[in-house]
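Step one of this worksheet: look at the structure below.
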Amino acid sequence: MENLIALLVAAPLIGAAVLLCGGRRLDRAGHWLGTLLAAASFVIGVVLFSDMLGRSADDRSLHQHLFSWVPVEGFRADIAFQLDQLSMTFVLLITGVGTLIHLYSIGYMEHDERRRRFFGYLNLFLAAMLILVLADNYLLLYLGWEGVGLASYLLIGFWQHKPSAATAAKKAFLVNRVGDMGLSIAIMLMFTTFGTFAFGPVFAATGDASEGKLTAIGLMLLLAACGKSAQVPLQSWLGDAMEGPTPVSALIHAATMVTAGVYLITRSSAVFNAAPDAQLVVVVVGAVTLLFGAIVGCAKDDIKKALAGSTMSQIGYMILAAGLGPIGYVFAIMHLVTHGFFKAGLFLGAGSVMHGMNDEVDMRKYGGLRTYMPVTFVTFGLGYLAIIGFPGLSGFFSKDKIIEAAFAKGGTEGWILGAVTLLGAGITAFYMTRVMLMTFFGEKRWQPDAKGDAPHPHESPRSMTIPMIVLAVGSVFAGGFFSLGDRFLHWLEPVTGHDHGDAPLSAGVITGATMVVLVIGVAVAWLMYGRASVPVAPPRGSLLTRAARRDLLQDDFNHVVLVRGGEHLTRSLVYMDHTLVDGVVNGTAASFGGLSGRLRKLQNGYARTYAVSMFGGTAVLIAATLLMRAV
Amino acid sequence: MSATVVHSLWTTAAADRVATIPAPKIEYAQLSPVLIVLGAAVLGILIEAFVPRKGRYHTQLFLSLVALAASFAAVVALAADGYGTTRKHIAAMGAIAVDGPALFLQGTILLASVVAVFTFAERGLDPESHGKRVDSFAAQPASVPGSDSEKAAVRAGFTTTEVFPLALFAVAGMLVFPAANDLLTLFIALEVFSLPLYLLCALARRKRLLSQEAAVKYFLLGSFSSAFLLFGIALLYGYAGSVSYARIAEVVDGTVQNVSPALADTMGNDALLLIGGAMVLMGLLFKVGAVPFHMWTPDVYQGAPTPVTGFMAAATKVAAFGALLRLLYVVLPGLRWDWRPVMWGVVIVTMLGGAIVAITQTDIKRLLAYSSIAHAGFILAGVIAGTADGISSVLFYLAAYSFVTIGAFAVVTLVRDAGGEATHLSKWAGLGRRSPLVAAVFAVYLLAFAGIPLTSGFSGKFAVFKAAAESGAGALVVVGVIASAIAAFFYIRVIVLMFFSEPKPEGPTVAVPSPLTMTAIAVGVLVTLVLGVAPQYFLDLAGQAGVFVR
């Protein structure tokens, strides 16, 4: 059975290779091939999953060793896969949601002449993400990590003819590099500390390492997670990444990429459990990001950017939960899976709306779309209810658990975190209701596009609506299914461990409080965007709104501190290079050249000179030999 | 009969006035590599005398290749019989050693010679002369350049097919040189391979005056160094009372027995040993082209016909380093503390001198000549390591280097203009645009010379520097790496010149060679890449061969 693991990765990888190298001949069928291979990977995942369910809880981990990648004395890097419950969860999410997004893209990218290439990149994205979650050591994980970075770069910048898309791709890549540095430093630290970077040995040896070392490793892993998962302070790429085609946004936000950071922290639970200081930083980062993303989401008029803010905020929930330690790991992953369903559904819904509205993204120019796009409205609406945590839907179960876990952390810390997560839930309800109202309700505020064509909203083709329907079903039922009888808890507990903590409040009270903030959030949104009319031109807004529209000044901060500072640093380094380094180098070269010119004059062509040189040489040789004996 | 018995026979002969001289015992099988080549060379002279002019070229080429191949087969057979390792042996009454280094180097020389003979036989490059295809050698070397008799010879389409037997004689001498186990054999082998080389240098078809000048210089300076060598041999004989390597080593170690009373007085005089040793050393350093005995190299390399230059640069160097290794490791290991510091100096000035002067060269052949001097320095760094690793690394380096060298000079023969080979560097500008393949091949060779990874040059340089560093010569390695960096400059400069300069309108053309030269170049590239990418097998082979018989 373990031999199937490599096939899991191989299917999309072969797809990527064939589609990217195959040339125009594949243009007509390439998208089907890509979708088919993604689906094949999903089927293999399901087979492995059913096999795994057939075995007892502590016997579920599978290993497959393919070959030794870099076998050097004392340094062993293997291409080896590990499939346990955690990886399995990710595999199903990645391949399942990934396949749906492939299917959706067939319709969405129908008129794009580079559709084959797009599917090649999508397959590459899946393959890289699968390597990331299936690796049994940090170095192979790093390979997948970089692969995800590359694929995201290619996809975000897919419409490279738009300068904004090219810039966004570059930005995502560069910001991610900062995180990647963190991961590579973490791996090096692991190697110097433990002499290995394979999961098993590292986690077994955490007890022997000093807490300082573990904290350093943990912080570096967190830096990596911040890059990929768009957490403060490396969050700035996520909003711009919306320049990519909408299916890419769905893929990045739901199934791949941003979930990688959560996976990394959960996978490294042994390291974090032994480094409380690092855990504290993780929690702080999660809490800050969850508010940051939520506030940004409130102010955006671009539907995709509003959803992007929401993603940032929801990932913040997950990171926070993961930072709580054994209390939260399971719920972080559970929220990740349910979020995968509803966020993918929301993005595909947004794409469907844009598809019908001449690619307009400004929600102020939508309005009243519910009758024109009934399927999109219903599926988007179910996703909306799920994300705000409407009772009975997916988000309700998973987010509620995180809030409970935050309180269960105990002490002042627990109260603060609980309050932050509660506040986040309220803001989530507000901004998502805002998106819903501005898009599907109210009067029509449609505007002709740049070419002067008035939009004719229509329902999207079957290939786009089917994935949306499937995802909506997941958004509705996944949470309940996972929570009934603590199914998900028992499933994942053998890998991540679990601890109930000691909650200062009963679950009922917390749920009640969540409901209250939920209602408040929805009500405020309804007052502002449902009852009052929405102006087409955005109002000036308060200082906070204006700041939030500019992503809370993240780019201004980066520009002033990092870009300007970096420019000054490079300028002085260039100056040093020109004067000091070049001076030394050129000086050396010139002096050797001069020496050469003088020495070659000795070679004057006369045999007598040569003979003298030989004679002199021999004399020196003899004299030196005798001298050596004398001393 | 063991070696010591043989020696006692020699050294006590005078004292005991033995009435009967036993017939020398010659192990023909073990000497067969040398004998085959010598026999073929003699046969080649007969061919010159008896075979009609029309058929000589093909007969000579065929005979040379068969002889070299047969000789190589004999070397392989000896090695397979274990003569390189467990059964190493001193043959021919103590004159010739049959051991790992000897067999490895003989094999290298023979393979390099096969490739060199291919380039000797090339007849597709020079434009046809009166309807006859001609090679790189003068129509009638004895005629005065520019004279009527020369013109007549050219008109008649004469060619100098004597180059093949001459080359075979040289090869035979080179085969003996690294295997010579006494000083007289060493000297004779030196002369046997030097004299044909002097002649070969004088045989260029184009630029004959330059060629003759080179030959005369080489001959004069070669004789000069031979005189030193011979005098050194005499002094060493005075020191040890014998020319046998083993005997001299024993006297140096103080473990000698059976000293004849007649010699006892003069024996063991250290001044004789040190001066004699230094002079013999000088004779060998002359042949490898080490500074300050290198000055013949650029002039001779430039003047000699290019195929001969390639042959000399590769095979002579292999043979001379073989002899040097044997001298330092078998005869003088007891004197390590005396010769090592002096050799340090020679290595440093050789590496730096070759690399620095090469920077300002404008002629590709002279450039390669200085490059060969620098490489001699690198190899010497491995030689003075004084360890088993030192021996094997030098063996490997020599094998790797010889193929690169022959290939590089073969490429030089291809780039031509109206005056023959266009060796001035300025004419090579933009070659990569006109003939990308030839330029790319040459670039591979240059990268190998520079020691860039994935070429044999890197593997070899790494091996010798590693051996030198492990023997405590770290400072030397630092200088070596600096010299490599300087050398990389002028190698890369040629690549830049070929690929990134505008071609000149009146630039040279690249001649399309016959399969002979093509084979030589292809073999060179192949060996360069194989030894660069997967050197381990050959390093192991050199490692197994790295023990001298005593």
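Glycine is no exception: its Cβ is also placed from the backbone N, Cα and C atoms.
Residues or ranges marked as transmembrane segment by TrEMBL: B:31-50 (among others).
The transmembrane segment annotation in TrEMBL covers B:62-83 (among others). For the transmembrane segment (B:62-83), the residues of the chain that approach it from at least six positions outside its boundaries are 29-30, 32-34, 36-37, 39-41, 43-44, 47, 89, 98-99, 103-104, 106-107, 110-111, 113-114, 117, 164, 167-168, 171, 175, 545, judged by C-beta separation under 8 angstroms.
Residues or ranges marked as transmembrane segment by TrEMBL: B:103-121 (among others). If you look at the transmembrane segment (B:103-121), the same-chain residues 6 or more away from its ends with a CB under 8 A from one of its CBs are 33, 57, 61, 64-65, 68-69, 71-72, 75-76, 78-79, 83-84, 135-137, 163-164, 167, 171, 174-175, 178-179, 306-308, 310-311, 314-315, 318-319, 321-322, 395, 398-399, 402-403, 406-407, 409-410, 413, 516-517, 519-520, 523-524, 541-542, 545.
A Cβ distance under 8 Å defines the sequence-distant neighbours of the transmembrane segment (B:163-180), meaning residues of its chain 6+ beyond its ends; these are 33-34, 37-38, 40-45, 47-48, 60-61, 63-64, 67-68, 71, 95-98, 101-102, 105-106, 109-110, 113, 116-117, 120-121, 137, 186, 188-197, 199-200, 203, 308, 311, 315-316, 318-323, 325-326. Summarising the annotation, TrEMBL assigns transmembrane segment to B:163-180 (among others).
Per TrEMBL, domain 'NADH:quinone oxidoreductase/Mrp antiporter transmembrane' is recorded for B:180-486.
Marked as transmembrane segment by TrEMBL: B:186-204 (among others).
When Cβ-Cβ distances below 8 Å are used as the criterion, the transmembrane segment (B:216-240) is approached by residues 183-184, 186-187, 190-191, 194, 197-198, 201-202, 247-248, 251-252, 256, 266-270, 272-273, 275-284, 286-287, 293, 295-296, 299-300, 303 of the same chain, each at least six residues removed from its ends. The transmembrane segment annotation in TrEMBL covers B:216-240 (among others).
Residues or ranges marked as transmembrane segment by TrEMBL: B:271-296 (among others).
Here TrEMBL flags B:308-329 (among others) as transmembrane segment.
With a threshold of 8 Å between CB atoms, the same-chain residues lying at least 6 positions outside the transmembrane segment (B:341-360) that come near it are 278, 285, 290-292, 294, 367, 370-378, 380-381, 383-384, 473, 476, 479-480, 482-484, 486-487, 489-490. As annotated by TrEMBL, transmembrane segment applies to B:341-360 (among others).
Residues or ranges marked as transmembrane segment in TrEMBL: B:394-415 (among others).
Residues or ranges marked as transmembrane segment by TrEMBL: B:475-500 (among others).
As annotated by TrEMBL, transmembrane segment applies to B:512-534 (among others).
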